[in-house]
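> Sharing a structure with you now.
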Amino acid sequence: MEKLQQKIMDEGIVLSDTVLKVDRFLNHQIDPMLMKQIGEEFAQRFENEGITKIVTLESSGIAPAVMTGLILGVPVIFARKKKSLTLTEGLLTAEVYSFTKQETNEISISSKFIEENDRILIIDDFLANGQAALALVDLVNQTDATVVGIGIVIEKSFQDGRQLLHEKGYRVESLARIQSLASNQITFVKE
Ligand code: 5GP
C-alpha cells in the first residue's frame, strides 16, 4: 500500500536493525485518515471471504481493526492483555511469547462473542515472529469459528512470522512489507 509505505518512510524511526518505531501514526498518536484507508484496503482484500467478525489485540490493533469493521459492517473483538474485573465468564486464553522481551504473556477474549459459524479475520499492527498472530489464531481455534485470514499493517519480512503462518495454512495480507531495517535504512519487499 503506497500511502502507508510513504508514511513509514516519512515518519517511521528505525530504532535498531530489527525494530521500527511508528508512534506518530499507529502506536501512540493515530492518523485517522490513514487508518480509514487501511480499513478500506483490508476490506477490499478480504471482500470475498464472507467475514463476520474481526479479532485483534489491544491496543495498537484496535484502530485498523475498527476501520476495517466499519467498512465490512462487522463487529470487532479485541483480545485483552490484562485480566479484566468484569470479563470473567467463558474466558478463552492463549499464551504469547515475545522474543524481544523474552517473556510469555496471557491474552484473553470472552467466548460469548464468537459463534460457531463465524468467519474471522485477524488483524494486528505488526508481524515479526508471528507469536501474537498465532495466539489470536489459537483463541479462535478454541471455538468452532473459522479463521479465514490474517491482516497485518506492517510486516517485517526478514523475521519468521509470515512463513510460520503460511506453514500453518493461513492467508496473510500485509499492507507494508519491510525487507530490511539495516544501516538505519527502511527498504520494502518489491511486489
Ligand atoms: P510477533 O508476535 O509477530 O513477534 O510480534 C508482533 C507484536 O510485537 C506486534 O503486535 C507489535 O506490538 C510488536 N512488535 C514487533 N516488532 C515490532 C516493531 O518493530 N515495532 C513495533 N512498534 N512493534 C513491534
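Along the chain as shown, the residues are counted starting at 1.
For all residues, glycine too, the Cβ spot is worked out from N, Cα and C.
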> Given that TrEMBL lists Leu20, Asn27 as binding xanthine, which residue among Lys101, Lys112, Lys156 does it place in the same site?
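Given Leu20, Asn27 bind xanthine in TrEMBL, the matching entry from Lys101, Lys112, Lys156 is Lys156.
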> DSSP on the domain 'Phosphoribosyltransferase' (34-157): how many residues come out helix, how many strand, how many coil?
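Helix/strand/coil tally for the domain 'Phosphoribosyltransferase' (34-157): 40 helix, 46 strand, 38 coil.
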> Whose Cβ, among the binding-site residues Leu20, Ala132, has more other Cβ atoms within 10 Å than any of the rest?
Ala132
> Taking each of Leu20, Asn27, Lys156 in turn, which of these binding-site residues have a Cα lying within 10 angstroms of the Cα of Asn129 (5-phospho-alpha-D-ribose 1-diphosphate binding site)?
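Of everything listed, what lies within 10 Å of Asn129 (5-phospho-alpha-D-ribose 1-diphosphate binding site) (Cα to Cα) is Lys156.
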> Can you tell which of Asn27, Gln131 has the least company, meaning the fewest other C-beta atoms within 10 angstroms of its C-beta, among these binding-site residues?
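With the binding-site residues Asn27, Gln131, fewest surrounding Cβ atoms within 10 Å: Asn27.
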